[in-house]
Amino acid sequence: MRDPAPSDTSKKRVIVGMSGGVDSSVSALLLIEQGYEVEGLFMKNWEEDDGTEYCTAMDDLADAQAVCDKIGIKLHTANFAAEYWDNVFEHFLAEYKAGRTPNPDILCNREIKFKAFLDYAMMLGADLIATGHYVRRRDIDGRTELLKGLDPNKDQSYFLHAVGGEQIAKTLFPVGELEKPEVRAIAEKYELATAKKKDSTGICFIGERRFSDFLKQYLPAQPGEIKTTEGEVIGRHHGLMYHTIGQRQGLGIGGLKDAGDEPWYVLRKDLDTNELIVGQGNNHPWLFSSALLASEIYWVNPIDLSQPLRLTAKVRYRQSDQACTLEKTDTGYRAVFDEPQRAVTPGQSVVFYDGEICLGGGVIEVAEPWSGQA
């Protein structure tokens with residue numbers, strides 16, 4: 001079953017967010033097949049730097065245009081770089097400056113794709129927008145629910161949890177009912193230019209650059225000490241912002257006497273002392289948390305939290321659903337997990353589910369230590 005198409009689809013004008021990737025390309029094609037009046041829109045959300053780094057935006061625009069030409073639809077372009085800088089990138093920098101690890105894709109969806117793009121599309125006369133996200137929607141009892149995508153390997157509801165039901169109600173997700181290989185097969189069948197194009201990975205405005213090189217353009221590095229849980233200094237870091245909880249690579253620790261062969265992991269970031277706390281072993285007790293505190297909660301639809309709720313949650317993308325109890329506190333929300341969770345990271349998002357329904361989520365403020373810690 002695909003996104004329900006109303007009987008008068010020919011009267012419905014849909015503008016598809018065309019990224020230059022295969023998912024949005026096939027989304028536009030499927031909507032044409034369903035009888036909608038379809039147009040595309042390519043968003044430029046970042047002004048590339050003046051320098052040697054090459055931004056892929058021009059390639060993506062060319063691919064989007066090639067697909068639109070092939071399937072016979074108009075392609076609009078819009079520049080949301082100012083909105084992106086103000087509403088996404090400045091927050092991204094502020095979070096890293098505060099020693100946290102943000103997820104700009106979630107803010108981008110809320111502020112750009114389902115706000116700036118949605119408003120722009122409506123200004124162009126659209127009835128609906130569409131994107132190539134692997135999620136589904138369901139209209140029930142006067143509200144619109146956000147559901148997980150049918151392909152568990154590609155489900156993107158984690159990234160859309162902060163988008164409200166009113167925005168979801170104005171959006172179609174044509175590939176949400178499909179698995180990725182099916183989408184590729186459709187693109188190849190119709191000989192779309194994006195059929196074999198690799199999926200984009202990483203943060204859009206960084207591209208192929210090293211993350212540390214990009215970040216130091218905007219934030220001054222503050223080197224400090226690397227310490228063990230016992231307080232022994234075993235190295236120096238270039239800045240807490242370059243490290244995240246659970247990180248193994250790039251610590252520059254090695255050859256320590258009596259340290260053994262187990263790899264080192266980031267366990268804590270002490271902002272007061274600018275120290276990076278590390279320990280050995282993939283299952284070091286300090287890596288685990290029994291609960292978390294969250295703020296900046298966004299619900300797709302209002303929910304009743306007058307009593308604690310039994311739900312499932314994800315503390316990172318593609319994590320399997322984790323059983324928890326969610327309750328409202330005086331300062332935010334607290335989720336207590338049935339099983340200890342590894343590498344719960346402040347600044348990242350926790351997203352709550354009721355079965356296949358994505359309820360919403362928020363920003364992790366505090367990871368409460370597991371009682372198994374020494």
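Just so you know, the numbers here start at 1 and follow the chain as drawn.
Each residue, glycine too, has its Cβ placed from N, Cα and C.
Site annotation for ATP in Swiss-Prot covers Gly17, Met18, Ser19, Gly20, Gly21, Val22, Asp23, Ser24, Gly132, and the matching candidate from Met43, Met58, Met241 is Met43. Farthest C-alpha pair in the ATP-binding residues Gly17, Met18, Ser19, Gly20, Gly21, Val22, Asp23, Ser24, Met43, Gly132: 16 Å apart. The CA atom of Asp23 (ATP binding site) is located 18 Å away from the CA atom of Cys108 (active site, nucleophile). For Ser19 (ATP binding site), applying a Cβ distance below 8 Å and a minimum sequence separation of six or more within one chain yields Phe42, Met43, Asp60, Ala64, Gly132, Ser200. Across the fold, the C-alpha of His133 (site 'Interaction with tRNA') and the C-alpha of Cys108 (active site, nucleophile) stand 13 Å from each other. Of all Cβ atoms in the protein chains displayed, 26 besides its own lie within 10 Å of the Cβ of Asp23 (ATP binding site).
Secondary structure at Gly21 (ATP binding site), taken from DSSP and collapsed to helix, strand or coil, is coil. A simple way to gauge crowding: the CB of Gly21 (ATP binding site) has 20 other CB atoms within 10 angstroms, across all the protein chains here.
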